[in-house]
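A.B. asks: According to TrEMBL:
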TRANSMEM  20-42  transmembrane segment
DOMAIN    21-299  domain 'ABC transmembrane type-1'
TRANSMEM  54-73  transmembrane segment
TRANSMEM  131-150  transmembrane segment
TRANSMEM  156-174  transmembrane segment
DOMAIN    331-565  domain 'ABC transporter'
Amino acid sequence: MIKALMAIGDQLSRRALKVFLILAAINGLTQGAALAALVPLLVSMFRRDTHGMWLWLVVLAVAALVNAIFVVLSSNHSFAVTVDVIRDMQGRLADHMVRLPLGWFGGNAQATASGIAVSGTMSVALTISDALIPVVTAVTVPIAVAIVALAFNWQIGLALVVAIPVVALVTRWGERRNAKAETGVHEAEFETDRRLLEFADQQVVLRSAGIHGTQYQPLADAIAARRRADRKSLWSSIVSMIPQRIVIDFVFGIAAGLGVLQAVSGDVDSVAIIAVIALTSQVINPLRVLAELLTTLRRAELQLDEVADVLNEPEMAVPEVSRAQPADNAVQLDHVVFGYGDRAPVLDGVDLELEPGTVTALVGPSGSGKTTVTRLIARFWDANQGAVRIGGVDVKDLSDEDRAAQLSLVFQDVYLFNESLRENIALGDPGASESEVLRAAELARVTPIAERIPGGWNGSVGESGKLLSGGERQRVSIARALLKKAPILLLDEATAALDGVTAKAIRTTIESLRGQVTVLIIAHQAETIANADRVAFLEHGRICALGTHQELFASNPRYAAFWSGRAQAQQWQLG
Ligand SMILES: Nc1ncnc2c1ncn2[C@@H]1O[C@H](COP(=O)(O)OP(=O)(O)OP(=O)(O)O)[C@@H](O)[C@H]1O
């Protein structure tokens, strides 16, 4: 675990960790020395040797005082190290995660990331503060005691010196044996947490399906698996503890037996023997708790492995400074091939050019890759082949700031922050004036929302915007995008949840941007598509037709069939 912590920490916290370990070791050694001073003290007392008694009493007092100082120092330092470790791990995780491709956040990765960044780092930090000092003490006290015993009675001392590595080996064996069960517990814990979060988050869906509590099978399964894993881990630790206990008791038995033999044969002072045997017993307790402490360390080590796994995920290479500046607000996809992970390509040679200031509608069957096109323009992922360019510059050559400045995005799944209505819009341009915010809000028809909700512009939208309707959330996110005034606007079904009148008003707003802003719009409403300068028809991973809606409808049978299908389904009159 120390090795893993050293690998993750920066130079400063590595140094702090080393100092902490040294302090903890001195703490253990001085504790052992204070205990050891009891042997000559007891012998002097029994021999009524006043000089010796005082001498060893002073030695004991000094050792106890030094130990007390190091207890305070190491405890104090453990607090500092704990804070450093949390800061370090969370800081490095945050810095790294913002540079990971967004694809990494799909599936379980998001739950993993929040689990690791919050509970994982906390549990590692708590292990340092609660378990590391006892572990170091459990190792150093027996060593100190064995050295002292060697000085007073070499036979017993030798038995301890030989026994300590044997006990350490048996303990290590037990801990390794437990490791598999511990990994099982860790995985089961993660799955239960993930299912519980899902269960809490998706209450609307579950209740509408009539599913309550443990009727939600994946959660019930996760809880049952966790119970099984806990039981397995408990048995595993009981089984591995037995040999450790036997070896420890055996060592104590041998030390006591040796002492008794020497006392009976009259070779050594029996008082000294009693004192050394009493001292030996002090080795037993730290060694016994060592096994439990190692299990705690093992759990922290698993968390650290996960932190390391996240940190080892390759980052997207983003230049600090753009290698060139976009010449205009054109967007170009040049023979782009892209697939999610190792799945078959979604886009298989997409060529598309959005001319500056034009409105292009991207249409195609569900799952054809329309959203994926917008994600590649925004560089949430990198294309496997081909290039995506903004103003003639490859998006890979733009810094995060320059790329973000070029784009405004409104996605299907709108996320609002648990802030006021005004703050949610102002996020689009934190430097915007009050009148600019209100103007963007007006254009996106947000004003009626401010008039309705308690608190008006300063009223809260609730967690993830849950106090607003789906259509209202979309309007706020459109206002946010309009406020940004970026030269390229990507809209992915941004008006899907709006009523006809509001959708028409927003369409008018978007059309008013024509000539200034390059707009790519994914929409299913016939009016939006019919009014676009050009329609790009995406099918089978390629743009297979490009032109106005009327041109494509007349010349491309696949497009005409696609629209006829939609019109039939939605009873639209087209063409
Ligand atoms: N994060 C992801 N990980 C893996 N596969 C994905 C991911 N996002 C989308 N896909 C897959 O990529 C394909 C294209 O998805 P995309 O969302 O781009 O299609 P779309 O044309 O926008 O669909 P729709 O019109 O239904 O919104 C789909 O088969 C989808 O399952």
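We count from 1, first residue shown onward.
Glycine is treated like the rest: Cβ placed from N, Cα and C.
How buried are these features, and what lies next to them?
C.D. replies: When Cβ-Cβ distances below 8 Å are used as the criterion, the transmembrane segment (54-73) is approached by residues 23, 26-27, 30-31, 33-34, 37-38, 40-41, 44 of the same chain, each at least six residues removed from its ends.
Within its own chain, the transmembrane segment (131-150) has Cβ neighbours under 8 Å at 20-21, 24-25, 27-29, 31-33, 35-36, 39, 74-75, 78, 156-158, 160-161, 164, 168, 276, 279-280, 282-283, 286-287, 289-290, 293-294, 296-297, 300, counting only residues six or more beyond its boundaries.
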A.B. asks: If you average per-residue pLDDT over the domain 'ABC transporter' (331-565), what number do you get?
C.D. replies: 90
A.B. asks: Any residues 6+ beyond the ends of the transmembrane segment (20-42) with a Cβ under 8 Å from its own?
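C.D. replies: Counting only partners 6 or more residues beyond its ends, the transmembrane segment (20-42) has Cβ contacts under 8 Å with 2, 52-53, 56-57, 59-60, 63-64, 66-67, 70-71, 73-74, 77-78, 80-81, 132-133, 136-145, 147-149, 152, 271-272, 274-276, 278-279, 282.
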